[in-house]
Amino acid sequence: MAAVKRIVVLPGDHIGREVVEEAVKVLGAVEQSLSDVHFDFQYHLVGGAAIDATGSALPDEALGAAKEADAVLLGAVGGPKWQGGAVRPEQGLLKLRQELGVYANLRPCNFAADSLLELSPLRPEIARDTDIMVVRELLGGSYFGERHEDEGDGVAWDTDKYTVKEVQRIARMAGFLALQHDPPLPVWSLDKANVLASSRLWRKTVEETFQSEFPNVQLQHQLIDSAAMILVKNPRAFNGVVVTSNMFGDIISDEASVIPGSLGLLPSASLASLPDSKSAFGLYEPCHGSAPDLPAGKANPIGCILSAAMMLKLSLNMVAAGEAVEQAVQEVLDSGVRTGDLLGSSSTSEVGDAIALAVKEALRRQSAAGLS
C-alpha cells in the first residue's frame, strides 16, 4: 500500500499561484514514478486572496489543515492592492509561521547549475563554488517583539527581544546541519554584539551551546555589517552554515540570494524541529515575493520547485526523490530552458514541464541503479 503524504498547498497571491502549480506538477511526476507513495494535496487560501474571500489573511480552515499536514507548500503573498487595509497579507504569513512553530528558516545560497555562473552580478572567479546555508531564527526578535506605532506623536519603536531558549534551539539547528557533513561544516554566527544587548545574549548563548554540544564544529562570530561586506567581496568565506537572528537573517539572505543570478532560483524551508528523522514538519516557500507587476507566464518556478525538493528531503523522508528533483533542475538549466530572468525565453509552465520530464528520467536512472 502506498504511503500517503498530506501536503497543504497555499498558492497565495500573484505569481505565487503560478510557481506553486509548477512545483505540484513536479511532485506529481515524482508520484507517478514511484509506486509506494501518494501525495494528498489540499488547497487553501492565504494572503490577499484569503482577505478578498474571507476577510482574514489566514482563515481558520487553512491554519487547521496546515497543522494536520505532513508539510506545507506556499507560493507568495502580498501586493499593493492590500497594503492600505487594516488586514495585510503578510500578517497571515507571520501568524502561520508562529502557529506552526517553524522557528528555523533554512535558505541555501548556491548555484543550481554551473552554467548560471555567468549570470551572477559578481565576477565568476569570486562567485564560483559559493555554497552557504543561511539559518535564520524565525519566531523571535523585532518582528515579534513589542512595538509602538506612530499615533501622531512622531514616535515609533520595535523591540528586538530574544531568550536563551530561543537562541539555543536555533544554534542547535545550525550545529546539527554542520554535522551532516564529514568533516563538519564551519558555522558563522552573525550579530551586532558591539551595540545591541540582544546580540550580546545571542553571542554568549551560541558560544556556550557549541562548546557544550558541538565541540567538534568550528564556530566563528562576525558582526552583521562586516558580514554584509564580506559576502559581496568573498562569498566563499562563508561557505558552510550561517546562523543569525530574524531581522539580520532576512537581510543577509536576501543579499546572498542575488549571488546565483536571480531571486527566482532560491528555495527555503522553515522547520519546527531538527530534521534528524527526515520527517520534520516544515513550511516550504521560494525566497521571492509575489511580484504583482510580472506578466503571466514570466515567473521563474525553480525556487518553488527546489523548495519542494527540500520538502521531500527534510519532511517527507524521500531524500532520493529530492535529489532527483535537484538533478532535474540542473539538467534543465544546463539545457538552456530558462525564464526571462535567466536570459531565457521559456514560460513558467514550459520550465515546469521540462523539469517534470527530467525528474521522471532521473528517478528511472535511480531505480536502475538501485538507489531509490
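Each residue, glycine too, has its Cβ placed from N, Cα and C.
Fair warning: this is a prediction, and the values are worked out from it, not measured in the lab.
What Swiss-Prot lists as NAD(+) binding site is 79-90, 289-300. Reduced to three states, the DSSP call for G79 (NAD(+) binding site) is coil.
The Cβ neighbour count for R136 (substrate binding site), using a 10 Å radius over every protein chain in view, is 26. In the three-state DSSP reading, R136 (substrate binding site) counts as strand. What Swiss-Prot records for R97, R107, R136, D225 is substrate binding site.
Residues annotated as Mg(2+) binding site in Swiss-Prot: D225, D250, D254. Applying an 8 A CB threshold to same-chain residues 6+ apart, the list for D254 (Mg(2+) binding site) reads L263, C287.
Look at Swiss-Prot and you will find Y143 (among others) tagged as site 'Important for catalysis', backed by similarity to another entry. Around the Cβ of Y143 (site 'Important for catalysis'), a 10 Å sphere holds 18 further Cβ atoms from the protein chains shown.
DSSP classifies K192 (site 'Important for catalysis') as coil under the three-state reduction. Neighbour count (other Cβ atoms within 10 Å of the Cβ, all protein chains): 19 for K192 (site 'Important for catalysis'). Among the features that Swiss-Prot reports, site 'Important for catalysis' is placed at K192 (among others).
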_Please report the Cα separation of R97 (substrate binding site) and Y143 (site 'Important for catalysis') in Å, rounded to an integer._
12
*So which of the binding-site residues is most packed in, judged by how many other Cβ atoms lie within 10 Å of its Cβ, out of G79, G85, G289, P292, P295?*
G79
*Per DSSP, to which secondary structure element type does R107 (substrate binding site) belong, with helix, strand and coil as the options?*
strand
*Among the recorded positions W82, G85, R88, Y143, K192, K298, which ones place their C-alpha within 10 angstroms of the C-alpha of D225 (substrate binding site)?*
K192
